[in-house]
Each structure stands twice: as structure tokens, then as C-alpha cells.
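Annotated signal peptide per Swiss-Prot: 1-17, in sequence order. Per Swiss-Prot, the feature topological domain 'Lumenal' maps to 18-213. According to Swiss-Prot, the N-linked glycosylation site annotation covers 52, 130, 136. What Swiss-Prot lists as transmembrane segment is 214-231.
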């Protein structure tokens, strides 16, 4: 299991998240097209539902549960017209420490990742995904809008997230994909997955050349090294 470490940069108007109640709700990046819950991941059929645009979303409950949803496009420097698409989903429990840091521990068997490389294969790669995360957290109430600003361990900023739902929009917080003693899923699902047909249309020329659009490339490159393949 890998761990990612992030810190938060506070703007002049930012305030620390002093309690869990400050985090409760569903947060999403500017597009607001990626939101946790049943519109992103279908646990019954064990499949992702592709949003119209890329983005990130986190949800937190008062009793210490969280859920996260990522849909990112990764630039291809060799062939800019063939970006990769990555969808990730996790949920589990979180702890807000006295120093303001936030520790997120996922349910190991439930996390999912889908990687689509449309120029290399007509099928996407579907795997289990399990990665513990640690953040320092505060909220920026700029102009009265509740906003969550995160920075990575190297002080590079992540995309800000805005409060979109309160109470949060989430799937059940219990284990959704239990495994047997052999480590195999108790639920039989198809392993051939649909590719992400819209990924080429999600990135404009400006986005491909703007480095601020690709803050997560290094994070995903690191995360891919810690993934366990999802066997039937």
C-alpha cells in the first residue's frame, strides 16, 4: 500500500477546518461533473459511469466515513491526440487529527481503477485500487463560497474543490465488494471493460499545453506502481 502526502496552502481568507463538521458534505472541482455516489461508480454491476468532464470529488460524513472519485486525463507527449483516461474510486474511514491533518484509510477490497489508452487497446484495464492518503485541511470561504484548497507534499497546488452537496452524496459506507479467503471477489463480474470513448474530446489544445492542467500526472504515475490486479 502506498501513501500520498499532501499539505494545504492557506490563502489570506482561509480558515482551518477545526472540526469534522467543517468537512461534512460533497466537494467537487470546478466542472462539478465528477461527484461521488451512484452517478460515478455502480457497485451492483461493478462498473464506472463516465462523466462528461474530468474532475475530482471527495465526500465526508459526520461519523468519519469518506468517499473519493477521480476522473483524469493524462497527456501523451508522443501523440497529443491520444491522452489516457483514468477513473478511480475509493471509500473508507477518515480521522481528523488535532494538528489539522486528515488521514484517509480505504476499504482495501472496494477501491477500483480504470485506465483507458484508446490508441493502444480497444479495452480498458480494470483493477483493484487501494491507497491510503494523508492531508492537511482547511477551508477558504472566499466571497462566502465554501472551498477546499489542497497542496501536495512538494507544495504544488491541487485543483480547488467546492461544496456541492450537504448532506453528502455517497454510496453505502459498508464493504461493497467483499473477498473470500482466497482473496478473490465473492461477486463474479465481467473483466472485459468498455473503453472511455469520450476521453479524446475532454482535452482541448490549451489544456494539453498548460502544465497547471497536469498536476496529477506524477501522482498517478506513482499510484500505478502500487496497484494489485483485479482477478476474477
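Note that Cβ sites are derived from N, Cα and C of the backbone, with glycine treated the same way.
Around residue 130 (N-linked glycosylation site), a 10 Å sphere centred on its CB holds 21 further CB atoms from the protein chains shown. For residue 52 (N-linked glycosylation site), the count of additional Cβ atoms within 10 Å of its Cβ stands at 12 [all protein chains shown].
For the pair residue 130 (N-linked glycosylation site) and residue 52 (N-linked glycosylation site), the C-alpha distance works out to 25 angstrom.
Along the topological domain 'Lumenal' (18-213), the predicted structure has mean pLDDT 78.
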